[in-house]
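K.L.:
Got a structure here, written out as structure tokens. Questions coming.
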Amino acid sequence: MSKFVFDSMLPKYPQFQPFISSHHLTTTPPNSSSAAVAAALAAAAASASASVSASSSSNNNSSNTIAGSNTSNTNNSSSSPSSSSNNNSNLNLSGGSLSPSHLSQHLGQSPHSPVSSSSPFQQHHPQVQQQHLNHQQQQHLHHQQQQHHHQYSSLSAALQLQQQQHHISKLAAAAVASHGHAHQQLLLTPPSAGNSQAGDSSCSPSPSASGSSSLHRSLNDNSPGSASASASASAASSVAAAAAAAAAAASSSFAIPTSKMYPYVSNHPSSHGGLSGMAGFTGLEDKSCSRYTDTVMNSYQSMSVPASASAQFAQFYQHATAAASAVSAASAGAIGVDSLGNACTQPASGVMPGAGGAGGAGIADLPRYPWMTLTDWMGSPFERVVCGDFNGPNGCPRRRGRQTYTRFQTLELEKEFHFNHYLTRRRRIEIAHALCLTERQIKIWFQNRRMKLKKELRAVKEINEQARRDREEQEKMKAQETMKSAQQNKQVQQQQQQQQQQQQQQQQQHQQQQQQPQDHHSIIAHNPGHLHHSVVGQNDLKLGLGMGVGVGVGGIGPGIGGGLGGNLGMMSALDKSNHDLLKAVSKVNS
């Protein structure tokens, strides 16, 4: 097959490109007339489309090769007439790019042919001119062939670059698939002390390194000889190195650790088995907390990678700066994202300053307590609400479920609140780690607890105020009762005093009455006749009798009946006393 056939097949069948760029197709054999015709036609087409600057720059490069080809053509023409006639036919067919005068001269036969030697019009001067024209035509032909060779070499380099980029994309996809498979195996198989060192193969960029080495081998094997091909090969090698670095960073699950606050807490419970057998990680299963990721924990495993793997890492880090942010975001989304979206975002670079290459010996002095062992809380109603669908039936977000705390968490929070009503940032972080809660939950719990305490104090204050008001009312009632009782006592005392006064008056009257009969007895004892007569006289006067003259004994003169009216008023007042006197007289007489 000829080069022209491959040139026509190149756009449809790019797989024939390595055969076109090989050396045995670029040079045509001198004894093949069809190959010479095809090469001449291809050279003419290439010379018509080539630029002037490219032709001028390549003239100096092709001067030595033209001279060698000229001598070879001369020898061929002298040795074989058929080859010279073939060369002349090539020159005549490719003369479309020359001037018309040259074309008219090229129509003649070669002087070495038998027809031209038998011509009677041939002279010596036209033969020299014909040789000079042949020499120029051969130079131009070789120059066009060299330009055509450069064009095909640049085209082959571009095709090689495209194939290499396709190969790079395939390698990157394979690396990503292997990374996903390795991550699934890491999550499904619990690590142990034995396979922690064997798990370094997941960290090492062996697939990417092998892919990059194969790329460099293919570049060295298929590299063209031109300057443009070497430049494209160097660009392809840089692109391949960058893609291999990105694939290595994506394939290693521990390349770029995400920033977390608590590096000693892991997301997956099975990841504590391998770390507990390492130095400085004894008993980490007591601190198992399902709320935090295992990215930084697994970074301590990557610290124990051997020196050879570290050297393999170092050769890719200089090209991975552009893809580091995207790979870190992808690894953070694929490995460790909190289910609530509120994981700590503080940098973890300053948290573990004493972590060594042998496996984090700086964490050995962390305090561990029995109450740090927590039960699984993933089955709580709060988790079902949070991890479920937030969108309601009308498209609005559902109301977030109420946070439920375990009895242990509530007890520890109450203990802390008993001593401190307000927490510092450091203490809040410690409690959040110990109770497997976030700082926001701790802060909200303390706010609610302070509000609850405020309400309790307000209720106690109201109760005390009510009790005080009750006491005041009772005191008022007691005061009123005492006043009433005092008034009653006063009244009773007044009544008693009145009774006593009455009794005293009665006693005085009785005494007076007793004294009066004694005096009357004494009078009657001395003058009984006089008393008898006075009483009888008084009775007579009281009856209003108009008797004659009464004789008075003891110095009493005779009364006149005319003075009875005046004596009646006095007798009415002395009626009582006289009655008593009559009784006394009757007693005495008896």
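Glycine too: its Cβ is placed from the backbone N, Cα and C atoms.
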K.L.:
Can you say which of 248-253, 314-319, 362-367, 368-373 is given as motif 'Antp-type hexapeptide' in Swiss-Prot?
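P.N.:
In Swiss-Prot, residues 368-373 carry the label motif 'Antp-type hexapeptide'.
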K.L.:
Pull the DSSP breakdown for the compositional bias 'Low complexity' (487-517) and write it out as helix, strand, coil residue counts.
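P.N.:
Counting residues by DSSP class gives 31 helix, 0 strand, 0 coil.
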K.L.:
Helix, strand, coil: count each for the residues of the DNA-binding region (398-457), based on DSSP.
P.N.:
43 helix, 0 strand, 17 coil
